[in-house]
Amino acid sequence: MCLLALGFLLGILQPASGQFPRACASSESLLRKECCPLWAGDGSPCGELSGRGSCQEILLSRAPLGPQFPFTGVDDREDWPAVFYNRTCQCNSNFMGFNCGECRFGFSGPNCAERRMRMRRSIFQLSTREKNKFLAYLNLAKHTPSQDYVIATGTYAQMNNGLTPMFRNISVYDLFVWMHYYVSRDTLLGDASVWRDIDFAHEAPGFLPWHRLFLVLWEHEIQKITGDENFTIPYWDWRDAEGCDVCTDELMGDRHPTNPQLLSPASFFSSWQ
């Protein structure tokens with residue numbers, strides 16, 4: 001699943017995300033260039049014994065890159081995730097995930113065959129209790145380490161081509177902060193040089209659908225840590241807004257009264273790092 005989001009923009013470059021399944025962060029996986037973890041339900045890679053998926057060679061786009069990125073072979077995100085892995089789980093039917101252990105969005109049940117509809121509501125339609133629950137869920141995600149994913153703290157070259165993995169733990173909330181940063185950051189050219197004239201997150205043809213997938217995945221991870229399968233992210237319709245209607249201390253936080261770079265100390269989020 002997290003080997004899906006980043007490349008929707010990048011190959012838009014190729015299906016994946018900037019984060020790595022914990023099960024694939026070992027030197028063994030990197031040296032084999034294979035990310036096909038066992039599914040706990042049957043103990044086979046990608047749940048193959050149960051027909052969930054199989055370990056397959058990744059398919060790379062042959063479309064040329066745009067002129068705004070005049071490099072080849074300098075960025076780990078090119079042809080993602082081929083720099084790190086060339087075999088990943090390809091899931092069947094309504095299964096998804098790095099080991100095909102979960103259901104595609106909109107499906108549930110032991111065989112992922114049951115349709116599940118959820119409704120997203122305007123944040124201004126939520127009751128006080130519902131708003132407080134939403135904020136509590138965000139706070140839980142901020143302080144809950146991700147069980148499934150880690151983030152890279154170095155490039156593939158810095159990892160000695162997989163021989164010395166460089167990963168660290170991260171919270172569920174910060175995983176998505178990092179994912180968004182990873183897909184949009186500058187290209188590192190080596191020798192402290194960077195190419196700044198690129199933003200795969202916001203200057204690529206997948207801008208809208210990638211961000212939608214990004215939010216649905218974030219929503220899914222919060223459902224998992226809270227056990228609330230009915231949780232949905234509320235939306236803010238700002239089409240006619242004359243200001244930031246959600247920038248209040250009851251919602252996403254007002255401005256600090258003396259420092260416009262900070263949140264109001266009365267905000268739920270003012271203590272976040």
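Each position is counted from 1, following the chain as shown.
Cβ coordinates are placed from backbone N, Cα and C, and glycine is handled just like the others.
Here Swiss-Prot has His202, His211 binding Cu cation, and the candidate from His180, His256 in that same listed site is His180. The DSSP secondary structure for His180 (Cu cation binding site) is helix.
Each of the glycosylation sites Asn86, Asn169, Asn230 was scored by the other Cβ atoms within 10 Å of its Cβ; the lowest score goes to Asn230. Closest in space to His211 (Cu cation binding site), of the glycosylation sites given as Asn86, Asn169, Asn230, is Asn230, taking the CA atom of each residue.
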